[in-house]
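Peer 1: Encoded as structure tokens, here's the structure I'll be asking about.
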Amino acid sequence: MEVTKNTANPQEPAYVQFEGFSKEESQELSKAGVLIGTLEQVKAWARSNSLWPLTFATACCGIEMMGTGAAHYDLDRFGIIFRASPRQADCIIIAGTITKKMAPILKRLYDQMPEPKWVVAMGSCATAGGPYVRAYSVVKGADQIIPVDVYIPGCPPSPPALIYGLNKLQEKIRLEAKGKKVR
Amino acid sequence: MSEENKAPEETVKPEEPAKTETQSEAPKAEAKPEAPKADAAPEAPKAEATPEAKPAAPKPAAAAKPAAEKAPEPEKEPDPRLIEAQQRLETIKGKIATKFGDAAIEEADVKKITPTLVIKPEYWVDTVEYVKTDPSLLFFYPEAMAGTDYKDKGYIEVFTLLHSFELDYDIALKVRGARDNGSVPSITPIFSGFNWEEREIYDLLGLRFEGHPDLRRIMLEEEWQGHPLRKDYVVMD
Amino acid sequence: MAIRTEELLMNIGPQHPSTHGVLRVVVKVDGEIIVDAEPVVGYLHRGTEKLAEDLQYTQIIPYTDRLDYLASMINNHAIVGAVEKAMDLEVPERAEHLRVIVAELQRIASHLVFFGTYLLDLGAMSPFLYVFAEREKIIDLFNRLCGARLTFNYMRVGGVKWDTPEGWVEEAKQFVQHLKKQMDMYHELVTGNEIFLNRVKGIGKFDTETAINFAMSGINLRSTGFNWDLRKNKPYSIYDRFDFDVVVGENGDCYDRYMCHLKEIEQSLRIVEQALDQIPEGPVMGKVPKILRVPAGEYYSAVEGARGELGVYIVSEGKDKPYRLKFRRPSFVNLQLLPKLLVGQSMSNLIAILGAVDIVLGEVDA
């Protein structure tokens, strides 16, 4: 556990930066060992640190998603573990092109997921159709079918980009619990 | 698990007809023209290209006429592969003509270095069966199939590439069907490998294959309107 | 007393972790035994061939990256090779060597993914983690070469886009030595494993005649004992200059296909090693016209892809765009045999057989 000390302001006491907490919260927690928050905040903290995404790898991005989950980048350290069933998943990473034939299945998978649920559109195909935007059989973005929380650009996005996007989703979950509107 | 290079003939066709012995020399010779060309290449480009270290999008090429593509060395003698292709085309054409009559062949030509025959639809299945089973041809490896829509000429052409391990050679056979509600006989019963290819052509080009065991759309949904690979298909959104 | 059984229709996919993408298989089972199976494809049909009709030849190259996305470099090689053959263009020596090096490294990466995911399908987790760490090293090499990790867009008609950065060749040589050692470990880890052998030996068998009639190519055809490798039989690029063996199997079962993949990695390493030693200095891009116009006519040209014969059929009208472009996709062709292999097998063998056929859905559906 790393102790952070504010060198610019020596008056401020040193504190421990806890995973998933803001600076103020961490200071509070370091000082007293107790943090007062709403139940929603506690739930959001827990949820954001155990995001279980559904493996929905349709195309090239799926390989990068697999690479992110494997040894080198290791998504597990963020509490993100892939699930094969939508019933067990909290979020869905749409990794690849959505065709018109696939669209009803994506909708159905999304409906099968229990609330609360989040959607990450990985790569330009899932964001807006990508290089296949002019193709006859491709849906121009997953948000035409289900609501998307985080868009990750790239064709395909590199694993660090995917990790960044998922971190943004975690941030969003925590902020929303505090009543802030995130878009 | 053995890594030795077995000759293809050993494994597939145990008995070899006497006729192929004379022809088996030809494929070896056919592969040769590649080798000297590749060996000669190192000196030629190096000598002229060392001054310019990084010719990304080379300027001299832009000055040259783009359409007029010529071989780098001005060799006047024709490509030996082309000569061989013409000879083979004549042989195969003659064989098909003696078997089914001249009416079976609509067109015969060498495309690049591949002998290409356009067969009339009514002779299509018989001809494919013949080139597959005739002991002097034995084109029994179905390599590729493709459909092309020729809107101006009013037909859809099916291109098939067959390979013969005996002759170590490729030929292209073609058949044409009308664009509007056209159909050609299916050769899936002869080559199972063309099953999905024919379905794909039916799906994307709308050419029916009579006698196909399972002719349904393969890539798109059953309710899809139109055939996308046709030249007059309009993408909706 | 006989147990009363009933036929049951079961749907697998398109969202299933072991179908390697979005393949759907509808199987009819009688108890545990499969009586009928039908693969349903097209869930990733993106209309590449239609798009290509509206693109210049150079613009098509990035689309081929996304066909078989585990072997993008080889796809690049197929399209640029086809255009070069049609236009009779010369490619500089260094570019040819670089092409062979990256294509073979890509084949290794692709086979490594096969190895990892196949074992993952059969229930072993660790090989997957091992091979992705190895694959990451190849991807890093490619990344330094062309700046991308998966969709490289590296080759151009007439050469390759970038020359090697400093020290790249040395690094690649080190990697080859490293992977050679690792391969022994993989064999120790998996090949002798009793559970693994029981799941793959004698499963999903087919003979050469069936394979040829079904137009199979690549490892699926070679695993039956038939020697057919386009790198040897129809030499393209500069493959005829390298010393390597074509790996063939004996029985055509899943075990042979697995072994062929691993042995082919070793052969590819041999080619990479030789090519890295022989690579000459010089330009990496030949003299090509600014706008590529393929002379009117029809051309077919094929390369040995990671999964079989990857062919490109071009119909040109002499313009800068193809009139029709068709990819002969090996995964699509190889998958046709699947129903025949599944019938009569038990349900638990389905994934083992499907995994060994080694398909990539981007290529099946195009």
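Glycine is no exception: its Cβ is also placed from the backbone N, Cα and C atoms.
Here's the feature list from TrEMBL:
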- A:60-169: domain 'NADH:ubiquinone oxidoreductase-like 20kDa subunit' (DOMAIN)
- A:Cys60, A:Cys61, A:Cys125, A:Cys155: [4Fe-4S] cluster binding site (BINDING)
Peer 1: For the domain 'NADH:ubiquinone oxidoreductase-like 20kDa subunit' (A:60-169), what is the mean per-residue pLDDT, to the nearest integer?
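Peer 2: The answer is 91, the mean pLDDT of the model over that range.
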Peer 1: Just going by other Cβ atoms within 10 Å, which of the binding-site residues A:Cys60, A:Cys61, A:Cys155 has the emptiest spot?
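Peer 2: The binding-site residues A:Cys60, A:Cys61, A:Cys155 were compared, and A:Cys155 has the fewest Cβ atoms within 10 Å.
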Peer 1: Among all the protein chains here, how many other CB atoms are within 10 A of the CB of A:Cys125 ([4Fe-4S] cluster binding site)?
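Peer 2: Other Cβ atoms found within 10 Å: 31.
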Peer 1: Translate the DSSP assignment of A:Cys125 ([4Fe-4S] cluster binding site) into the three-state scheme.
Peer 2: helix
Peer 1: Per DSSP, what is the residue tally for the domain 'NADH:ubiquinone oxidoreductase-like 20kDa subunit' (A:60-169) in helix, strand and coil?
Peer 2: 50 helix, 16 strand, 44 coil
